[in-house]
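*Asks:* My structure is below; once you've seen it, I'll send some questions.
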Amino acid sequence: MAEGKLPDWATWAVMCFTIVIRVCMVSPWSWFPICWLSMDLPASVLGVTLLMTMTALKLLVGDDEELLHVIPILLGCKENKTSDGNLMETLRKEELVNLLKEPAFSRLMEVVLEVSPEALYNEMFTKVFRNSLFELSSHQCGNFVIQSLISHSRNQDQLELIWEELGPNIEDLFKMGRSGVVAALIAASERLHVHEHKSCQVLAETVSSVDGPPKCIIPRLLFLDSYFTCEDKSNWSWRSGAKMHVIGSLILQTVFRFRSEYIQPYITSITSMEDKHVLETAKDAAGSRVIEAFLSSAASGKQKRRLVTKLRGHFGEIVLHPSGSFAVETCFTASNLSLREAIVTELLAVKSELSKTKQGSYILRKLDVDGFASRPDHWRSKQESKESTYKDFYAMFGSSDNKSTKMDGFLANTSGDYKSTKMDGFLANTSNRKSNKKNVNEMSKEIGQSLASAASFLSMSGSKRKSKKEKHKSKKNAQIDGDDGSSNWKKKNSNDKKDGVSANAATTGVNFLKKRQRDNDLSKASKKKLKD
């Protein structure tokens, strides 16, 4: 199949869907597309019809003109006016809001919000959802539509209006079991940079008293449903052995992507957890993601190492869990040399068991466990050299404001290629936050300029060395070459592949000089002919 071309079945589905919509546009039964979603049809018929409709809408993404025709008809508009502000002129809000509480239509509406052109989304937001957000968020089916609405909000003004309606009701949403709406709201705040500090503050106050210690924040979010269904919340305690809440984990992962000054209560809470609770969190599938997010956050290295120390003596136990290997790798990245050595020592003790697991070979290779076992001194010097290189790099190119954050992100990237391919969708790529986009671009520009200058320097210095070698073979010149480091350069060039670049640069420089000399000779010859 050619790139950018729909498969035959997809083309057929879109064609059939478009024909149906076109018929509805001229038919007196203009409410047909939404009527069948609320009728008592057999589940199989309704499911297939709904699936075809949602698939066709997704295949029309990018064709704004067609979507502007199709979506208003699906929503029950008798006429389809495309002038600004009148795309849904005949929309009946009350009937549509009631339909959003139906299982089938709510699922369709999630896709509609996802694919809608911006003008249509803005009009739906104003005419349908505004002043009805909390009502729909409270409903069993309607809350999923609101999650989609928030996730696809287009600008800061829209999110401001959403916050006005839902912000004061976060605690009520948790009590009703609508934590997905809160998770979408926190994620949108981070994405659009709206009420970032406020969202962290309101969330912390929701799960803890204003004057109380912040150490209870993380445990209560990890066991979200257990805490909010507890009648005596003041006496709630850690639920050992219980599975941790997935939505609570996602909320905390988002929180740890905010600036460090906004999340100090959360940092205090996670570093104040008891050792046994930290261990249980690291062994839980949802909890381990929270630990990874914290260790990749803007918290200081000292705070991160404080948490890693609580797991000391248990890394061999954690790494044998399917999700634990990623947590161990992140702990290794955030640790200093002594903690890294302790981690590798513990992994060495369970090497035979670890090598049989799916992720075992990767973690053993990435942390160079075999290298530590055979040559520990060399392993230590290698780790020190890496850490020193990274520090020097960011001392030159990094920003002093968020140097520690960039450092951790860079180390995570250099030691987590498998993790990045498997976990980026779940962890949201914490090392490349939008807040650092400008600094990263500036760094890339500086690096490019530095490399260009280095290449130019190598080409010129290489050409000079080669010309000296060809013209002067005396002992005195050989001694001069030895003094300026050329003998060391030749030795390194024979052993190091990277110095091949310098040799190529030198050759390029010589060829450039020869070409320029030929051009000069030709120029002189042409001038001589003109004089003659």
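The backbone N, Cα and C atoms fix where each Cβ goes, glycine too.
Given the structure is predicted, the values throughout are model-derived calculations rather than measurements.
If you look up TrEMBL, you'll see 12-31 marked as transmembrane segment. Taken from TrEMBL, the feature repeat 'Pumilio' covers 127-164, 272-309. The annotation region 'Disordered' is assigned in TrEMBL to 458-532. Look at TrEMBL and you will find 463-476 tagged as compositional bias 'Basic residues'.
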*Asks:* Tell me the residue counts in helix, strand and coil for the repeat 'Pumilio' (127-164), as DSSP assigns them.
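*Replies:* Final tally across the stretch: 27 helix, 0 strand, 11 coil.
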*Asks:* When DSSP states are grouped into helix, strand and coil, how many residues of the repeat 'Pumilio' (272-309) land in each?
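*Replies:* The counts are 29 helix, 0 strand, 9 coil.
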*Asks:* Over the span of the repeat 'Pumilio' (127-164), how high is the average pLDDT in this prediction?
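*Replies:* Value for the repeat 'Pumilio' (127-164), mean pLDDT as a whole number: 94.
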